[in-house]
Amino acid sequence: MQLRTLTPQRIYILIGYAVAATALFCAPLYLNDFRLNLLAKFLAFAIVALGLDLIWGYTGILSLGHGVFFGLGAYAMAMYLKLEASGGRLPDFMEWSGLASLPLFWKPFESFGFAVAAGLLIPALLALFLGYFTFRNRIKGVYFTILTQALVIITTTLFIGQQALTGGTNGLTGFSTLFGTPLAGEGMKHTLYYVTAVLLIAAFVLCRFIVKSRFGKVLRAVRDGENRARFIGYNPAVYQMVVFSISGALAGLAGMLFVLHVGIISPSMMGIVPSIEMVLWVAIGGRGTLVGAALGAILMNAAKSVFSENYPDAWLFFLGLLFVIVVVFLPKGLVGLFSRITFRKREESEEHEAAAAISHPAVRAGNG
Amino acid sequence: MEVLFLQLFNGISVSSILLLIALGLAITFGLMNVINMAHGELIMIGAYSTYVTQNIFMDLFPESMFGWYFVLAIPVSFLIAFVIGLILEFTLIRFLYGRPLDSLLATWGVALVLQQLARTIFGAPNVGVTSPSWLNGGLTVLDGVVFPYKRLFIIALVAVTLFIMYLYIYRSNAGRRMRAVMQNRDMAACLGVSTRRVDALTFAIGSGIAGIAGCALTLLGPIGPSLGTYYIVDAFMVVVLGGVGKLIGTVFGALGIGVTSTVFEFWTTASLGKVLVFVCIVAFLQWRPRGLVAMRTRQLDS
């Protein structure tokens, strides 16, 4: 069946995947340790971008709360690492805050398995919870977006406020080892890099599977005409909740990897600005295409680390303008631009069809 | 008793600030369906306009005149924010009508640029604005219960702004055109209303009110380039809670959030209070997903 659809374009795309995968796995050969660590961080961000693309690009829900899911995953891993670094004693910041014994909810994080499970499940459940109370009541679009933004604000204030339990503004840092091996060691860095690369590919395959499945078709149906999907007999709320919590879990996974690479997590890394930046990665790469989202995250962060070190002031101007330009002129992002240049003809005919479909008054009213 | 009075006053005072910020949003978001994330930066522009007005007064006029700078600062802040809003509408917002989520992202970019611009011009550290001497002190209501004049002034300013907006929207020809365009754009255009002009004017008025809010915020503390970001999400929550399309909803939304958050923060801690308010809002939206006061409509999606 695959062979039947093996058009030249498909072959190019497959070659592209192969080149990308090879480049990923050979990166330790041609990058120094510092760059490799940066790349590993970007790959973790690419996982968040994939999750965001699932809900924004494919389901049409804009979440500005992914910083929270990312942060919860990161904190789960950080708690494990902190306990391992403290070696059975009370973590240092708790001593400073005058806590006598380890709080009850910290105890299970002594186990690596529990920490990983928590890093995936807590964001997923929070997303499911929020989704249940919003999508079920058809709170959607802008309202949902604003609620997710409020979620970010209260989570960060809560984390900053509970100094003794979460490390406050400083967050959690000062990790030393993972399974007894120093985190800063070269072997460890390489292993972590490979783990991240494999997980990114796994996340990509998972998202692709979701998108190509029947489930993914319903997601797109919900995006393009929620009420139509409802009238056909699907319950959009269920699909929205499920995809939102998958997306949250992916962000949590990325957060865990992020902590392993960077060695610190603080409330400022899960705040409003990082959350919106995550959306920008997807917008720039191209929403509605998985490759675009992942590439957008990697490229934007590479650009950021190059420019913002040299010209921190100009970087913010640039970022702001980029936001405006991409949203107004490139709604499909870089991938859209690229495919418009290469597959011009095909794209044009597709756009023609899309335009014809949208100009139908019933659809326009339905989406208004 | 004293505590009750004081908390109630604090609650109303917080509500009045929220309301002043949310009023501009109620117009741009509620009527035009544009999510203007740069609203906070328009507030910041209003605040810096007040700062500049103050400096000009200090340099040019004798000291006895200084107290009156604030009276001038209010219209100046309004005008500057109004003009910047007009420019913003003309260059960017008009491409984004009907795409609320895109407008959110694009205006966030504008917000970043404006913040950085303020940082370049005025410097990153906060600057202080000396409030006029006639606003110092307070009104003693009971023994030990003092209502500061500044807070009372802000409440009065909000009341006046609200009243003028009411007159404009519901009692003037321009306001009638505005409502007509927002309710049924095609029909209004058919009847000869210049929708482009109404859009631009409406957005600019929303921005101008943000400028007034910025002016009022200078009374409460030092101002900085990221002044607006503290308030913007709360203000959006006010509009969401209050419901879209009617001013009265915004008033109730602001009162609801302001009073409950003061009460919760008094009972618990500041951070827990915020969480509880959020939970209350989500719970409330279960009951009324469209907010307190919603426009009646038979449209399926609106």
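Positions of Cβ are set from backbone N, Cα and C atoms, glycine also.
Because TrEMBL annotations are produced automatically, they should be read as predictions rather than curated entries.
According to TrEMBL, the feature transmembrane segment maps to B:12-35 (among others).
Feature annotation from TrEMBL assigns transmembrane segment to B:67-92 (among others).
Feature annotation from TrEMBL assigns transmembrane segment to B:104-122 (among others). Long-range Cβ contacts of the transmembrane segment (B:104-122) within its own chain (Cβ-Cβ under 8 Å, at least 6 residues beyond either end) map to 34-41, 44-45, 48, 51, 88, 92-93, 96, 225-226, 228-229.
Sequence annotations record features per position, and here TrEMBL assigns transmembrane segment to B:152-170 (among others).
Under the heading transmembrane segment, TrEMBL lists B:201-223 (among others).
Annotation comment: TrEMBL describes B:235-259 (among others) as transmembrane segment.
Per TrEMBL, transmembrane segment is recorded for B:266-287 (among others).
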Check your understanding: Short question: which residues 6 or more past the ends of the transmembrane segment (B:266-287) have a Cβ under 8 Å from it?
Key -> 7, 237, 240-241, 257, 260
Review point. Looking at the stretches B:12-35, B:67-92, B:152-170, B:201-223, which one shares the most CB pairs under 8 Å with the transmembrane segment (B:235-259)?
Key: B:12-35
Study note, to complete from the structure: Given B:12-35, B:67-92, B:152-170, the one sharing the most C-beta pairs under 8 Å with the transmembrane segment (B:201-223) is B:67-92
Check your understanding: By a Cβ-Cβ criterion of under 8 Å, what residues six or more beyond either terminus of the transmembrane segment (B:152-170) are in contact with it?
Key -> 12-13, 16-17, 19-20, 23, 74, 135, 138-139, 178-179, 205, 209, 212, 216, 219-220, 247, 251
